[in-house]
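> Copied straight from TrEMBL:
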- CYS28, CYS208, HIS233, GLU237: Zn(2+) binding site (BINDING)
- LYS268: ATP binding site (BINDING)
- 347-407: domain 'Cysteinyl-tRNA synthetase class Ia DALR' (DOMAIN)
- 30-40: motif ''HIGH' region' (MOTIF)
- 265-269: motif ''KMSKS' region' (MOTIF)
Amino acid sequence: MIRLYNTQSSSKEDFIPIEPGKARIYVCGVTTYDHCHIGHARSAVAFDSIRRYLSYRGFEVTFVKNYTDIDDKIINRARENGEEWKALAERFISEHDRDMAALYVLPPTIAPRATEHLPEMIALIEKLLDNGYAYKGGDDIFFRVHRFTEYGKLSHKALEDLQSGSRVEVNPLKENPLDFVLWKGKKEGEPSWEASFGAGRPGWHIECSAMGHKHLGRVFDIHGGGKDLIFPHHENEIAQSQAGYGCAPARYWIHNGFVNINNEKMSKSLGNFFTIKEILQHYDPEVLRLFLAQTHYRSPIDFCEENMTMARQALEKLYRFLENFENHEDTRTSDSIAPVLSDITRKFEEAMDDDFNSALALASLFEGVHTLNKLNPSSADAKGIYDTYCRLGDVLGIFQSLPSQWFARQSTSQLSADEIAARIEARNAARRDKDFATADRIRDELLENGVEIKDSKEGTSWRYR
């Protein structure tokens, strides 16, 4: 039984999907006005691994992740650039998709865009106006927070405390400072859509309620996002969905932790703001995924060179282990190895069943390496070991390459596989002629060029260093 931490109840709960065997998930996507950063990577990888594990466990997963492609930030950035807002949004949607593909994040089942769901948003706002949960202030439409008595149940904030501690800028059009905008009235030079209550464009919160409802129904299983979205975004989603559709949108609310940079909060003002593209210029995407998997998704994580170096070394250790078992087709597994593989799998699954504890799941793989190395498995065990590790690693988004391919990417060697094969053949010819000086020189030259060779009774093998 999978147990997950529900932000709303502040406790772990058994995952019981609405429809047996199916898992419907909505994760808030990006606002498409800038490049994705390490914080976006953290959220994307966390929910990708959750999705992968649910699929691994046999669930049919419908995964929805939206694009907010109309927003103040998009309009303002386009104005700064002298660019058409729609072109800017489209450009950063493409950038986002390239970043996700580079990180081996599976594409969503459905990737809705806010601008394609205006009829659904308008219909929801009309319901909220009709039942008194929304009102018109000037040309804008606001949600009447005090009317929704359960407001604050996700973030565990009392409405009275929110009102007394409110620092929201006073807006004379609002009945209450906590009321949030559902619809922004038409403004000169900004995009707008026609609606029964006046032309304008949607507020941020209404977008996710409408898109989640359309693609996943009145109630779906899991709603996810970063902890920064708990309040006010997800709190507002619950309020408007429950007021408009008659129920909260999701059974379980899951939120990933923040990313710090060298133990400091990430921010552009501190100059410690790193985009995914910048990070992948220095680190392999699987290294970044392993780094993120080493920390439980709800905990904060510190991105720094030291931690990334350790993650690279850890992944290299796993790939060095798997390298021994690549390209073996024997499907037998010896009596001494089969129970170890079963134990590794059991521990991995127990960790992921416990609120998707990727850190503990990863530890089971390293523990397995230690145990299996002591048993000195034979070639007959190779395929069973390799397949087990690849199957489990895929849940975390690692082992996406053959070991030989991964080491080739990491190597600084300029030699191609064909060039290496030719030099090994020249070395073998020298050895047959008992010209050991030449053979040693070729071996040393290969080593200087980042290629290590190994002689055995089966012949000479090589690998990038």
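Just so it is clear, glycine is given a Cβ too, placed from its N, Cα and C backbone atoms.
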> Who are the chain neighbours of the motif ''HIGH' region' (30-40) in space, where the CB to CB distance is under 8 Å and they lie at least 6 residues beyond its ends?
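67-69, 71, 73-74, 76-78, 88-90, 92-93, 95-96, 99, 204, 226, 258-259, 261, 266, 273-277, 279, 303.
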> Give the sequence-ordered set of same-chain residues, not counting CYS28, CYS208, HIS233, GLU237, with Cβ within 8 Å of the centre of the Cβ atoms defining the Zn(2+) site.
TRP204, HIS205, GLU207, SER209, HIS223, GLY225, LEU229, HIS234, ASN236
> If one looks at the chain holding GLU237 (Zn(2+) binding site), which residues at least 6 apart in sequence have a CB under 8 angstroms from its CB?
HIS205, CYS208, SER209, GLY212, HIS223, PRO249
> Tally of helix, strand and coil residues over the motif ''HIGH' region' (30-40) according to DSSP?
3 helix, 2 strand, 6 coil
> Report the same-chain neighbours of CYS28 (Zn(2+) binding site): residues 6+ apart in sequence with Cβ closer than 8 Å to its Cβ, ordered by sequence.
LYS65, ASN66, CYS208, GLY224, GLY225, GLY226, LEU229, HIS233, HIS234
> Give me the DSSP three-state residue breakdown of the domain 'Cysteinyl-tRNA synthetase class Ia DALR' (347-407), ordered helix, strand, coil.
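Helix, strand and coil residues of the domain 'Cysteinyl-tRNA synthetase class Ia DALR' (347-407) number 47 helix, 1 strand, 13 coil.
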> Under DSSP, is CYS28 (Zn(2+) binding site) part of a helix or a strand, or is it coil?
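Reduced to three states, the DSSP call for CYS28 (Zn(2+) binding site) is coil.
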> What is the Cβ neighbour count of HIS233 (Zn(2+) binding site) at a 10 Å cut-off, with all protein chains included?
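Summing over all protein chains shown, HIS233 (Zn(2+) binding site) has 16 other Cβ atoms within 10 Å.
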> Counting across all protein chains present, how many other Cβ atoms fall within 10 Å of the Cβ of CYS208 (Zn(2+) binding site)?
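Excluding its own Cβ, the number within 10 Å is 30.
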